[in-house]
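The structure under discussion appears below in the form of structure tokens.
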Amino acid sequence: MAAAGWRDGSGQEKYRLVVVGGGGVGKSALTIQFIQSYFVTDYDPTIEDSYTKQCVIDDRAARLDILDTAGQEEFGAMREQYMRTGEGFLLVFSVTDRGSFEEIYKFQRQILRVKDRDEFPMILIGNKADLDHQRQVTQEEGQQLARQLKVTYMEASAKIRMNVDQAFHELVRVIRKFQEQECPPSPEPTRKEKDKKGCHCVIF
């Protein structure tokens, strides 16, 4: 079977996802909407929350451990600690906040530095897409940034549950593809090798 996130005792695939982005972009709202199908209206700055959800993605059962991180700068060191264990990252900005869009570069570079990699599983999410009248970042700008970062771009809305499940599921697909490239499955033995293994000589 193809490589996957590490498996628990039941053989189920398990993935560690980390949600990162600036303060107030809706990271917690996206996460809670995905986990509990509930929209959080009050903004309460997160220090760190973790959630677990069982899913079936492309006919493969998976357990997702999701870490919702602090956007505030004073929690930067704590965020790096979580980045070390993450297997995939949702880079979240608000389409109504130009500053949060410009911060994405910082988060992406921080992840790659912590991982000591040139690339790593991430997707870019433009949240609050329902607030089109307050938009400060166009869809084209989001797509352009995603091309520069070599990641998938989606616009989402935690409020109206737009592309919420799709965002988390797509990140799992990106992780699976990355892990399969890193650790490709062992090739099937050839007929000749099978015959060789099946041949036993008995000497009298």
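Cβ atoms here come from the backbone N, Cα and C positions, even for glycine.
Listed in Swiss-Prot:
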- A2: N-acetylalanine (MOD_RES)
- 21-29, 68-72, 127-130, 157-159: GTP binding site (BINDING)
- 43-51: motif 'Effector region' (MOTIF)
- S186: phosphoserine (MOD_RES)
- K192: N6-palmitoyl lysine (LIPID)
- K194: N6-palmitoyl lysine (LIPID)
- K196: N6-palmitoyl lysine (LIPID)
- K197: N6-palmitoyl lysine (LIPID)
- C199: S-palmitoyl cysteine (LIPID)
- C201: S-farnesyl cysteine (LIPID)
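Swiss-Prot feature annotations superimposed on the structure.
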residue : record           : CB count, 10 Å
G21     : GTP binding site : 26
G24     : GTP binding site : 17
K27     : GTP binding site : 27
D68     : GTP binding site : 25
K128    : GTP binding site : 26
S157    : GTP binding site : 22
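When secondary structure is read from DSSP and collapsed to three states, G24 (GTP binding site) falls in the coil class.
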